[in-house]
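**Q** So Swiss-Prot has the following annotated:
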type    : residues                                               : note
BINDING : PRO34, ASN35, GLY36, SER37, GLY38, LYS39, SER40, ASN41 : ATP binding site
COILED  : 174-376                                                : coiled coil
COILED  : 412-526                                                : coiled coil
DOMAIN  : 534-644                                                : domain 'SMC hinge'
COILED  : 679-1039                                               : coiled coil
Amino acid sequence: MSMFLKTIEIKGFKSFADKTELIFTGGITSIVGPNGSGKSNISDAVRWVLGEQSVKTLRGGKMEDVIFAGTQFRKPLGLCQVSLTLDNEDKKLSLEYSNITVSRRLYRSGESEYYINNVQCRLRDIHELFMDTGIGREGYSIIGQGRIDALLSGKQEDRRLLLEEAAGIVKFRWRRSEAEKKLENTEVNLIRIEDILHTYEERLKPLELENKKADEFLRLSEELKDKEKTVLIYSLKKIQHKIDKLESSMERITSSNRESHLELTKLREDVNGYNIRMENIMDESTRCEKDYYDKRELINQGENKIKLLKQKIEDLEDNIKRNYLELKQIENDKIKKSEGITLQNQNLLELKNREKEVNIGILDYENNIKKIEKDIYSRENICKKLKEDKIQYFSNISKLRNHIISIKKDGENIVEKIDKLKSSYESYSKAIIISSEKKNKLLGEISNIKKNISVYQNKIDENNSGILELTNVLNLKENSLQKLNALYNTLEANYKMLVNFHKHYEGYNRTVKALMENIKNHKLDVPAQSCFLVGEIISLQKKFETCIEISLGNSISSVITNNEIIAKIIIKYLKDNKMGRATFLPISIIKGRKISNLHKFEDIKGFIGVASELVSYSKEFKDVLDYILGRTIICENIDNAFEIAKLAEYSFKIVTLSGDVVNSGGAITGGSLQKRSSNIIGRKREIEETLVKIENTKETLQVLNGDIRRIKSDKEKLHCQNEDFKEKIHLDNIELTKLHQQNDTIERETKKLIESRETANREIKLLYKNKEVNLNELQEEEKKLKEYSKEEIKNDDYILKMEEELKEGRNRITDLKEGLTSLKVKRAQISENILSSERELSRLDQEIKSMDIKNRSIVEEIKLSEKIIHKNELNMYSNEKEVKDLKQYMEKLQESIEKSHVKTIELKQKINVSNEKVDNLTLIINKKETSFHKIQLELTKLNSQKDNIYSRLKEDMNITCDGDIEYDVQIENLEEYKSKIVHLKSSISKLGVVNLGAIEEYKNLQKKITFLSSQKEDLIKSKQELKKVIDAMTEKMKGVFKENFVKLKKNFNDTFRELFKGGSADLVLTKGDELTGNIDITVQPPGKKLQNINLMSGGEKGLSAIALLFAMLKIKPTPFCILDEIEASLDDANVLRYAEFLRKFSRDTQFIVITHRKGTMEVSDVLYGVTMEEKGVSKIISLKL
């Protein structure tokens, strides 16, 4: 059999949340299901796995939309995967596999992966694999309703792609396209190389000149360097001779100056002594003078204060006299102001009484005006309302007259409609009786089938409950099995690890570990049973492991021997092999140690026991264990340990359960314990416990495996029963569907008839009501018309009466407002007089208050002045006494100052003599130092010249030390030698700017030009060969397309005539050659004129497109073809023709058809149903026909 699609596996793609597999055989497979169930998601999945990149084609907004997005009860998935498996026994695809599986995987992050037979590949590899097979996103193996429309009326490019796929030139076009790309790249590379070559060749000539100049520059530079080197060494030799002479002179000056400096130092010390004594005398003199002047200043200040105080006393006495006179004047002014206040109060009372009378008159006027204005406002509103009513009456009367005419006309129309509807009602009633009889018969048949389905479904539900229960139990058992297996593996690994640790002495120090291994392997001439490790011979409860291990310390690695002879042999072996040191405990000589008066500690809270008594061991090791642990007590905590230690006077070790230690002598060890990688003491216990756990786990695993096998067997039986019941239900459902369709048709017809009859009946009743309403409305409207006419006359009379009353009221208001204005003017005048009188009262009152305040202020001022006079008199007496004392003290200071002046003159004479000697000696020293500095400067200058020469020798000649310099250089004529150097420099200068890199650059450029010239020749040859390939490929494509296009035209005409039972169809190549021209479709259905396909009806278009599809399949059958509801627009007769063609073509092509149509289902070999038992999640049900 030729290649065909074996399976589609979908997981997480769109609505297929669970892993779903569709298995296909040859022939026709139909996929059916209600709208929205996810049928088309299967064709989208195939299109997607074949490399579709258009999100729009996949009916999404972005590529991640194809991943299952979750439902109310399910979480979104992180990836989706689709796999197609094809049978490739005939090796139609270019891979050496019988089955080829193509897969695509997409992650929610946007990352996409492609696989061929589970090997990751590129999208391009998948396109190349299916090229010219009709399979692929651009092929015609997947045709949907949208693709049908594109085939007929879409872009010319899309149509040509499909027809070229059928004509078998896609592979050639792809190869030509690849060759064109290579040619384009070759041309670009050729242009690039030519540009680079041109640039290099332009650069080569100037670079050749620069290369020659650089060579000349290097030759002259080398000669100049040699001559400059000779001159520099010769100069260095002469400079060194001068330096030696100058250094000798410096040593002589330094020696002479040293003696002069000693003498100068002694003279300066004498001068300093005189200066210090003189400074002390002068300091004392200065202090006395300062004190003298300070006291004189104080006397002046005291005398000034006395004068000032006398003046202040006189001023204050004058001020008191003036204040008394001012008090008397204030009292007289106050009496006059009080009399003015009394007069103003009388005037103010009279004005307020007159103002009250005027206010009462104004209030009466205002009340009368408000009352009349209110009445006028009310009448104006009534008048306005009456006028509005008049307009409304006129409008209502006009409307009523028009409405009455309309009502009479409506009544006549209602009578005509009632007669027509009565006739229709009787016709509908007869048709309903006939439909009801048909429906009753069908319902009986449907009821019987439903009962059968219900029985089968109940049995399936019972089985499903059983399956679910078994599945839950199975899941629990399998989870338990998985956990137990993991536990078993962990226990086994732990057991092996512990045994391995025990076997290889893991946890002991390196020396002991190696020693015991060698003893066990008989590398040491010692019996294996004569040596034991302390950590191996003891066993104990788990709770004591930490404290005993801490108690043992390094002793845990001690080696127990039967006697001291074995210990000596082992020690010698360790020394000879340089294996390190170990501690040995010979049983024959070791003596145990005990705690005396142990009973004293046993009653203390927290005491547990002696460490040696808490472990188990063989009797032969008792002395050894007593030696190690006999003087160690174990207690519960650190507080207990301190209590025991104090009582025992810190004479032995105490260890707590948590590992804290109080050592003998008082040292304390404690804190957190690091996790132990190897528990030596508890290892035996751990091995035994782990072995028991392994055995128990094995037994449990055997029981669980037996339970799982039994549950799976029971579950399989229930599944088989369910499949039988489902098969029966499926057959009944097909029959039930047919009956339901018939019943639905009858119900729809009956419903329409009933609705039509009810509509007619409702309309009749409504018309009768309308007729009655019409009559009542007519009578009411005529009655309203009479009433409105009467009301209109009354309204006009009332308006006239209101307007006369309004006129009278307005005249009355005018008279009252004139009287009110007169009174308000009078009130304003009185108010002004009152305000003026109040201001005068306020002014007088304020002046009296100010006088009172001033009076109090003057009295206070007099009292204060009297106090100040008394205080100043006291200060004046005190200052006079102080001035007298200061004058006596000043006389004593004057005597001390005169004595200090005499002593200062004597010391200055001595200092002048010594300073003269210092100056003479300093002059001599300075002259010597000046000579010394001159020599130093000359030396510095010479050394600098010397360093410069060394620097030049180092930098220019690469001479780095004196050893490299040959000082025997001789120059007969230095000036002539320097002249040659100047000539060389001039020659170098004439060369101008020199590019030393040009030498290397010139060589490299020559190499590059040679290489690029070779590359250019290769590219020209490649370009010519590619052009030949493209021309040959183009001719091949034209030939193949032309040949197959003729066949395709014939096939299209034949299939069109078969499907339409006559007519004709053609494919026409226009505007260009075979590879670029447009391809138009022209058709002529039977009995119609020849026309463009775009002018046909939807059904005709659909059938024409199907004809073209089958024509393409005739010329080049695809291994499989997926058709997604392409017959949707066809009527039942054309669906049958389409189905016949499917059956006919299914001999060469495998068809997977997504359909709703009964005719297509009937020719199918296998039916797959797509349902959504869970909202948002598609599920597949299969049925082989």
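Backbone N, Cα and C define each Cβ position, glycine as well.
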**Q** May I ask which residues of the same chain, at least 6 positions away in sequence, place their Cβ under 8 angstroms from the Cβ of PRO34 (ATP binding site)?
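**A** Listed in sequence order, they are THR1171.
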**Q** Can you tell me how the residues of the domain 'SMC hinge' (534-644) break down into helix, strand and coil by DSSP?
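**A** Per-class counts: 58 helix, 16 strand, 37 coil.
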**Q** Using the CB centroid of PRO34, ASN35, GLY36, SER37, GLY38, LYS39, SER40, ASN41 as the ATP site centre, which other residues of the same chain sit with their CB within 8 A?
**A** SER15, GLY33, VAL1170, MET1172, SER1178
**Q** Let me spell it out: for each of the binding-site residues (GLY36, GLY38), count the other Cβ atoms within 10 Å of that residue's Cβ, using every protein chain shown. Which one has the most?
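**A** Answer returned by the neighbour count: GLY38.
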